[in-house]
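J.: Can you read through this structure? Questions will come right after.
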Amino acid sequence: MSTTNRSNTNSLPFLLMGIPGLEALHMWISIPFCFTYIMTLLGNSMVLLAVRLDKSLHEPMYYFISMLAVIDLTFSTAVVPKMLGVFWLDSREIGFEACFIQMFFIHTFTAVESGVLLAMSFDRYVAICNPLRYNTILTSSRTIQIGLLSLARGAGVMTPLMYLLTSLPYCKTRVIPHSYCENMAVVELACTDPSVSDLYSIIVATLLVGADSVFITFSYGMILRSVMRLPSQEARLKALRTCGSHVSIILLFYVGGLLSMYLQMFSFGLAPHVQVLVADFYLTVPPMLNPIIYGIKVKQIQEGIFKLLRQLVGLNISQAD
């Protein structure tokens with residue numbers, strides 16, 4: 001295909017199908033997604049406000065939780081509003097550039113979240129295994145640097161992938177059988193061999209997720225070893241409760257991500273709408289559950305949210321008077 005024809009073809013918009021085969025149920029299907037998005041906005045915003053306003057939460061552990069809240073808000077906002085537009089208004093069209101921008105945000109912040117989860121495991125490792133040096137190893141400035149490094153890493157590895165994908169000619173149908181610009185669904189529309197971009201995606205995903213998972217597993221293995229050596233049962237339970245929220249989020253993130261990825265790669269005989277729904281719920285449910293897990297598992301976050309709610313209620317009462 002000539003460069004001119006490729007440019008003209010790639011300037012055309014894509015069309016999102018929503019949930020293939022369940023188009024008649026889009027209005028009903030939208031209800032849980034709308035609910036999860038509202039809860040995501042409220043829950044993560046409350047976590048951010050609690051950490052911002054409560055000075056007792058100005059510690060590395062809570063800064064990392066705040067980073068996860070920002071990631072969840074960005075993640076959801078990149079996907080759900082357009083998804084609801086498809087479900088509610090039948091607004092299926094998405095521009096060529098907008099499609100790849102959405103894809104860039106999804107993959108970049110997936111990589112960023114993996115990096116932040118790794119940093120959280122290191123934070124807990126230092127706090128439990130080397131508590132006397134905690135304040136010197138993990139300062140506030142160093143915590144922010146780690147967050148920025150995770151962002152730079154995610155954007156750095158995803159930018160070449162976006163270049164490879166946008167360079168492909170898309171001369172087949174413009175219909176994406178998905179609710180958002182899912183990587184594999186879009187690549188299937190290319191009319192040339194996408195093996196280079198596929199290979200890059202596999203290598204990046206394997207290196208990032210694989211390396212982060214190994215280090216996270218090692219960190220929590222060392223933590224568990226140290227916790228079991230604590231003389232007090234109360235101290236052991238406290239340490240395990242603190243790490244419990246992190247482990248829950250890690251399992252939710254990695255297990256859900258692997259399930260979604262493998263179902264996109266291999267159908268296993270499942271109907272297309274099942275594959276799409278699993279991918280959609282992976283992008284929308286964990287961002288809603290994360291702040292709930294913080295509230296249940298991390299007592300300080302729970303207290304900070306309650307304190308914020310009491311302040312808001314008191315402010316409303318005083319204004320009413």
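Placement of Cβ uses the backbone N, Cα and C atoms for every residue, glycine included.
If you look up TrEMBL, you'll see 25-49, 61-80, 100-122, 143-165, 199-223, 243-263 marked as transmembrane segment. For 43-294, the entry in TrEMBL reads domain 'G-protein coupled receptors family 1 profile'.
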J.: Do the transmembrane segment (199-223) and the transmembrane segment (100-122) share at least 3 Cβ pairs closer than 8 Å, excluding pairs fewer than 6 residues apart in sequence?
T.: yes
J.: Within the same chain, where does the transmembrane segment (243-263) have neighbours whose Cβ lies under 8 angstroms from its own Cβ atoms, ignoring anything closer than 6 residues to its ends? I mean 6 or more beyond.
T.: 68, 110, 113-114, 117, 120-121, 124, 128, 205, 209, 213, 216, 220, 223, 227, 270, 274-275, 278-279, 282, 285-286, 289-290, 293-294, 296-298
J.: Per the 3+ Cβ pairs under 8 Å rule, pairs at least 6 apart in sequence, do the transmembrane segment (143-165) and the transmembrane segment (61-80) touch?
T.: yes
